[in-house]
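Please read the structure below before turning to the comments.
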Amino acid sequence: MKHASVGLKNVYHSERNFRHHVLIALLVVVAGLVYALNFMEWALILGCIAAVLVAEIFNSAIERLADLASHGRYHPLIKQAKDFAAGGVLVTAIFAAVIGLIIFGHKIF
């Protein structure tokens, strides 16, 4: 648990995108409270939040390992690995947003 807590603290303080995702997650939770989500809706929303945050953590870890392996020098395979990881975050965030729109859309509009 200690290493995991340190890791979460480090990713929060060092990764701007992670902080943005946390802020968005908090806003979504507030919206969920305002619109009184049911159990299944909460399960989906919290699952999406977790998926996006985990994807961002893995992306950050891959970036760090890639930078270490390349000694800070450019290599096309390192770039490709980083792009793949960033793409994973993007796909996760897009699907989370779609699920959020499905859940909140009919409540708001």
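Every residue gets a Cβ built from N, Cα and C, even glycine.
Annotated active site, proton acceptor per TrEMBL: Glu56, in sequence order. Summarising the annotation, TrEMBL assigns ATP binding site to Glu15, Glu63, Lys82, Asp83. Positions annotated as divalent metal cation binding site by TrEMBL: Glu15, Glu63. Taken from TrEMBL, the feature substrate binding site covers Glu56. Residues annotated as transmembrane segment in TrEMBL: 21-37, 43-62, 83-104.
Feature map: TrEMBL annotations on the structure.
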residue: Glu15; record: ATP binding site; contacts (Cβ under 8 Å, 6+ apart): Glu56, Ser60
residue: Glu63; record: ATP binding site; contacts (Cβ under 8 Å, 6+ apart): Lys82, Ala85
residue: Asp83; record: ATP binding site; contacts (Cβ under 8 Å, 6+ apart): none
Residues of the parent chain within Cβ reach of the transmembrane segment (83-104), under 8 Å, 6 or more residues beyond its termini: 17, 21, 28, 31, 35, 37, 41, 44-45, 48-49, 51-52, 55-56, 58-59, 62-63
Non-local residues, at least 6 beyond the ends, that sit with Cβ under 8 Å of the transmembrane segment (21-37): 12, 45, 49, 52-53, 56, 93, 100, 103-104, 107-108
Other C-beta atoms that fall within 10 angstroms of the C-beta of Lys82 (ATP binding site): 17
DSSP three-state assignment (helix, strand or coil) for Glu56 (active site, proton acceptor): helix
Collapsed DSSP category at Lys82 (ATP binding site): helix
